[in-house]
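Annotated in Swiss-Prot:
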- Pro2: active site, schiff-base intermediate with DNA (ACT_SITE)
- Glu3: active site, proton donor (ACT_SITE)
- Lys61: active site, proton donor (ACT_SITE)
- Arg268: active site, proton donor (ACT_SITE)
- His95, Arg114, Arg159: DNA binding site (BINDING)
- 244-278: zinc finger (ZN_FING)
Amino acid sequence: MPELPEVETLRRDLLIHLPGERVVGVEVLRSDSVGYPADPAIFIEQMQGQIFSDRMLRRGKYLLLYFARGAALGVHLRMSGRLLWRCGEAPLEPHTRVRIPMASGHELRFEDMRVFGRLWLIPVGVPPERVMGGLTRLGPEPFAEMFDGPYLAGRFAGRNQPVKSALLDQQLVAGVGNIYADEALFSSGIHPALPVGGLDAAALERLHRAVVKVLEAGIAQRGATLRNYTDAQGINGNYAGTAWVYGRKGQPCRVCNTPIERIRLAGRSTHFCPTCQRAQQSVQ
């Protein structure tokens, strides 16, 4: 699933291409790719003539692309979605679900192999949270001032949940997924199975700094491509090639040469270095 760095990369790409583009036609090839309005015909009708503004926001893994008249196109890529900026004459990708042609001859295409992603058209004056319910359940942005060691201490107090599982909770912090959770735990030297309630203030401060650091690195590398993710031009991200632990089972740790191990925590594949991330306390 695309995480914060991948969605932020996409936002920055679209900010280059979309402002001033006028929608001249919409084709919905898969009706369940449109979350709102429920009737794709209404979605198509209300998209006609919309002009994209330069107001393009990211909240966690969600995108909000605003139009000049105040409506917005909401996007969540989920597992395998892609937003692609294409010349209108370019062949359709195999899993294209929605086409949004522009007056310039270009198209914004929503491609989604697994069909979990969604587009929403948010009417003028309607809070996005009323249409995109997931926005109401998001915690702070990782780059927000309130996201720090003491914030983590308050949220983790008395809890026995593995720290890896806690980091994936979007109500704790918005935008962190499997890749960058593993990377942050390696960077902070914390074993992924340790109970969050047992982490001291120093460990939580390291973890806070590590989350910010690996997300910034992911953005700088234009995201991580493991299966489906590409940027708006269809180009793969570069982070996976420089990852510390994620996707590197059996390969030597880049710090100590110990083979990277993979376990499952709460049903999620989890990578770590058993030397750099020792289980320093018992895990029940």
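Backbone N, Cα and C atoms are what each Cβ position is placed from, and that goes for glycine too.
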Sort the active-site residues Pro2, Glu3, Lys61, Arg268 by C-alpha distance from Arg114 (DNA binding site) and give me just the closest.
-> Pro2
Compute the C-alpha separation of the residue listed as 'active site, schiff-base intermediate with DNA' from Arg268 (active site, proton donor), stating it in Å without decimals.
-> 15
Across all protein chains shown, the binding-site residues His95, Arg159 give the max Cβ-within-10 Å count at His95
10 Å Cα neighbourhood of Lys61 (active site, proton donor): matching recorded positions from Glu3, His95, Arg159, Arg268 | Glu3
Give the sequence-ordered list of residues that share a chain with Glu3 (active site, proton donor), lie 6 or more positions from it, and have CB atoms under 8 Å from its CB.
-> Lys61, Gly175, Val176, Gly177, Asn178, Ile179, Tyr180, Gly218, Gly223, Ala224
For the zinc finger (244-278), what's the model's average pLDDT?
-> 96
How big is the gap, in Å, between the Cα of Arg268 (active site, proton donor) and that of Arg159 (DNA binding site), rounded to a whole number?
-> 19
Determine how many residues of the zinc finger (244-278) DSSP places in helix, in strand and in coil.
-> 0 helix, 12 strand, 23 coil
The largest Cα to Cα distance in Å among the residues His95, Arg114, Arg159, listed in the record as binding DNA, is 42
Counting only other Cβ atoms and using a 10 Å cut-off, which of the recorded positions Lys61, Arg114, Arg268 scores lowest?
-> Arg114
Taking the Cβ of Pro2 (active site, schiff-base intermediate with DNA) as the centre, count every other Cβ atom within 10 Å, in any protein chain shown.
-> 29
DSSP, reduced to three states, assigns Glu3 (active site, proton donor) to coil
